[in-house]
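Features as listed in Swiss-Prot:
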- C74: active site, proton donor/acceptor (ACT_SITE)
- C190: active site, proton donor/acceptor (ACT_SITE)
- D10, S11, Y42, G43, N75, T76, T191, H192: substrate binding site (BINDING)
Amino acid sequence: MDNRGIGYIDSGLGGLTVVREALKQLPNESVYFVGDEARMPYGPRPTVEIQKFTLQMADFLVKKHNIKALVVACNTATAQALPQLRAYLEIPVIGVISAGALAGINATRNLHVNVIGTQSTVESKAYYDQLIALNSDLVIEQKALPEFVQLVESDMAGTPKGKQIVYQAIHNWMEEKNDGKKSDTLVLGCTHFPILKKEIQAAVDKNVAVVDPASEEILQTAEIMRKNNAFHDSKNINHHEKDVFYTTGNIGRFSKFTREWLNKSNLTIKELHIDQKGLKE
């Protein structure tokens with residue numbers, strides 16, 4: 001058994017979609033989350049910057065909380081920095097893209113999968129490579145939608161304007177045919193996008209499977225915990241009093257969203273500051 005917590009990192013609020021899934025599947029595991037809102041979006045940034053920022057978040061959680069595993073709850077960071085994280089850290093590091101690809105494969109019935117994500121994730125072809133590795137017969141189409149990240153971070157999810165932007169961005173694209181068939185599966189290749197899932201589902205055909213990789217990523221995390229005999233001691237059930245949620249951005253807005261999204265009012269939320277050496281409280 002291992003009573004240390006699990007770390008989660010993202011460029012902003014999106015990683016909380018993965019945390020919410022973790023609270024369902026791994027209810028006894030402590031959560032330490034960093035959302036780097038001050039430097040989001042990561043999508044248009046150079047790879048070297050994404051790697052630097054991602055390593056800074058990981059370094060903070062390891063040194064501050066001695067985490068036993070790191071869940072990269074960010075597709076862009078997974079696409080651009082996963083090998084560097086695994087080389088740097090001596091703990092398991094779980095990325096989201098392999099999970100999303102597997103979930104997409106499991107969902108499709110006609111082998112036509114569409115993926116939406118940030119500019120960086122799409123250009124990296126990380127999803128394409130993972131999907132093709134799983135099934136070379138797939139038809140795969142990708143679209144970069146950085147505006148969806150801004151919708152979430154600007155608190156426009158669920159608003160009429162937000163619904164309009166989502167519909168206009170994906171409806172016609174999802175209706176297009178390739179090899180005579182429309183895609184029956186849409187993978188949400190950015191952890192911000194599940195916050196817009198209702199709007200996305202409303203913009204596509206009712207038979208399209210809208211896939212959130214979070215569930216599969218946490219399943220993979222749980223499997224690693226099982227193999228390493230690293231679950232929290234079940235005799236001392238964790239009620240999350242020690243959980244901490246950090247942001248480098250606006251703590252008021254971050255606090256409001258985090259409490260609402262996780263449906264928890266009594267959370268420890270702290271602000272992180274950025275300096276030349278990395279992140280500090």
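Using N, Cα and C of the backbone, Cβ positions are placed for all residues, glycine too.
Distribution of Swiss-Prot features across the structure.
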residue : record                 : contacts (Cβ under 8 Å, 6+ apart)
D10     : substrate binding site : L16, V18, F33, V34, G35, D36, A73, C74, A77, T191
S11     : substrate binding site : G35, D36, E37, R39, M40, P41, Y42, F53, C74, T76, A77
G43     : substrate binding site : T76, G117, T118, Q119, S120, T121, A144, P146, V149
N75     : substrate binding site : V96, I97, G100, G117, T118, T121, A126, G189, C190, T191, P213
H192    : substrate binding site : G12, L13, G14, T17, F148, V149, V152, E153
Among D10, S11, Y42, G43, N75, T76, T191, H192, recorded substrate binders, what is the largest CA to CA distance in Å?
12
Neighbouring CB atoms within 10 angstroms of the CB of T76 (substrate binding site), all protein chains considered, total 34
Around the substrate site recorded as D10, S11, Y42, G43, N75, T76, T191, H192, what other same-chain residues have a C-beta within 8 angstroms of the site's C-beta center?
G12, G14, G15, M40, P41, C74, A77, T118, T121, V149, C190
Among the active-site residues C74, C190, the one whose Cβ has the most other Cβ atoms within 10 Å is C190
